[in-house]
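Below you'll find the structure I mean.
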Amino acid sequence: MGERTTTLANAPSLEERAWRIRRNALRMGEVQGQGYIAQALGVADVLAVSYFHALRYRPEDPEWEGRDRFLLSIGHYAIALYAALIEAGIVPADELETYGSDDSRLPMSAMAAYTPGMEISGGSLGIGLGIAVGMCLGLKRKGSDRFVYNLMSDGELGEGPTWEAAASAAHWKLGNLICLVDVNRMQADGPSPDVLNFEPLPAKWEAFGWYAQRVDGNDIGALVKAFDAARALEEPKPRIIICDTRMAKGVPFLEAREKSHFIRVEQHEWAQALEALDAGRQA
Amino acid sequence: MKRMKRPPPGAQAPTPGEQGGEGGQLPGQTPKKRLTTSAMIASLASEGQRTKPAPFGHALVEAAKNRPEIVGMTADLGKYTDLHIFGRAFPDRHYQMGMAEQNLMLAAGGMAHEGFVPFVTTYAVFASRRTYDFISQGIVEEGLNVKICCALPGLTTGYGPSHQATEDVAIFRGMPDLTIVDPCDALDIEQATPAIAAHDGPVYMRLLRGNVPLVLDEYDYRFELGKAKLVRDGMDALVISSGFMTMRALEAAKLLEADRVSLAVLHSPTIKPLDEEAILREARRAGRMVVVAENHSVIGGLGEAVAGTLLRAGVAPAAFRQVALPDEFLDAGALPTLHDRYGISAEAMARSIKSWL
């Protein structure tokens, strides 16, 4: 059922999905007057390709054993994943209005116990990939052929456990692990290369024994190819797709705004941002 | 500038009575033979004491026979935590995760997500100091069913502070929803292992490994998760203890019989959640001093947990004392020397209690 949605002839294009994810995120930002909106807009294409091209899941049964697991290591990207989960039909669209409010199932930082489809409580950065390693080992034990996707940020490349997990995944030949890195080159204290330089990225991961690809994370065609290659690879090694993204993608005046980890959006600007996004819609 | 623990050889010996100087014997005394530092895997057993080999490993094999979801995971310390016994019995269910403790805990969380029950082993210092956040956020916050079983709790090695987990209970007690177990001997471990396997939720267990003393089989005792058990009754003082300090308390009780001092011993192997009912029931019996004995720092362990319980309930015993390790980075050396030095040998404990009565 739901897992076949994307193959329907009249299914929305991935570009349309990405646009809707951005729109959902902006509307949540408007409700709360804040949120990591620049990250959400930047990573929307990666999420669109994940949820509407690659992942197998049943919207009505988020715990379905046959699903591919999608881990949000970056808990502060919750707004982005909620936007995708709403578009995927896993979270009802009317809950969007509750984002970040008391008693909401959509808290500001992502937690497994709150939200359907949220596999882990991320947010303490650097924990997702290690959990993914354990899940991959578990799935292999069960004889499952499902994938575990772990979405992390470039900032998490500074965390030690990321590299423990990188070595471990290669050691265990985890061909069922696909790591996605959102490289927007911006951390809490400034541009990532100034905070803690992590380049050259593909070479590092390859040296750890991974199949590494680097793509423009806002180019849906390139993402589809990379996801397909990652899934199709027969060699039993973990896979990583390094996605270079532009923060605030899709809303030109926010894209142009001075870059920072937490982009300020004035209250009156949310409506303008939605208008700007709609104006750039690729039907 | 760094502080030096010991004077260089040949330097002036510490003055008599000064703490901690092994060369500080009084003039005219025959120099005592210095014991050598116990190996990492030294047994706690005293000479001639009955022991059982690897009770955790064997009990886990038993518990896992009908539970295929139980897996073992370790960070290059399988042999030093007795998990190798499990690994030998179930090689396919034994995961050597390498010397990467953060990943060990996270991967255990991932395994538990997929329905498995990982028994994770390393040393207590590494679990508590190095991987706290990963246990908290990767396992316990989500209520995942992982059992973290750690060797070298408290002062069970003479290798110095890098390996002495004197504050692990203080660290872990602050973590909501984490059950903490500190068994006494081989029998306790044999019974605690299936009990924590049957418990649905994360557990931290302090492990004694290798040839582990066997003591509690002489008493009318059974391990029950969450329960403290009175293993010996007495009139002068109530010892509330966990871990191998219960064994020491029972030995001290025998030593004190000669002085007509009568000790009760309430063994509380579950430190969290604490069996407050049993503790208050025993502490309310009038006229007895309460002594809390633990193989842990005086800060933040069973002693302070019991003190808080008593105060909150308005129970004031005749006196309250702790037999525990000092709030210090401890010395390196031989275990018997160190246990005596820090007051957790049976003899030192008996002396302390006698002096307090």
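Yeah, the Cβs are placed from backbone N, Cα and C, and that goes for glycine too.
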With TrEMBL as the source, which of A:113-137, A:163-187 is set down as transmembrane segment?
A:113-137
Could you give the residue numbers and ranges of same-chain residues that sit at least 6 residues beyond the transmembrane segment (A:36-54) on either side and whose C-beta is under 8 angstroms from one of its C-beta atoms?
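Sequence-remote neighbours of the transmembrane segment (A:36-54) are 5-6, 11-12, 14-15, 17-18, 21-22, 25-26, 29, 68, 70, 74, 76-81, 83-85, 87-88, 147, 149, 151, 153, 180, 182, 184, 217-220, 223-224, 227, 231, 243, 245-251, 254, 262-263, 265, 273.
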Sort out the residues at least 6 away from either end of the transmembrane segment (A:74-93), same chain, that have Cβ-Cβ distances under 8 Å to it, and list them.
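Residues 2, 17, 20-25, 28-29, 35-37, 39-40, 43-44, 47-48, 50-52, 57, 59-60, 62, 99, 105-111, 115-118, 121-125, 128, 151-153, 156, 182.
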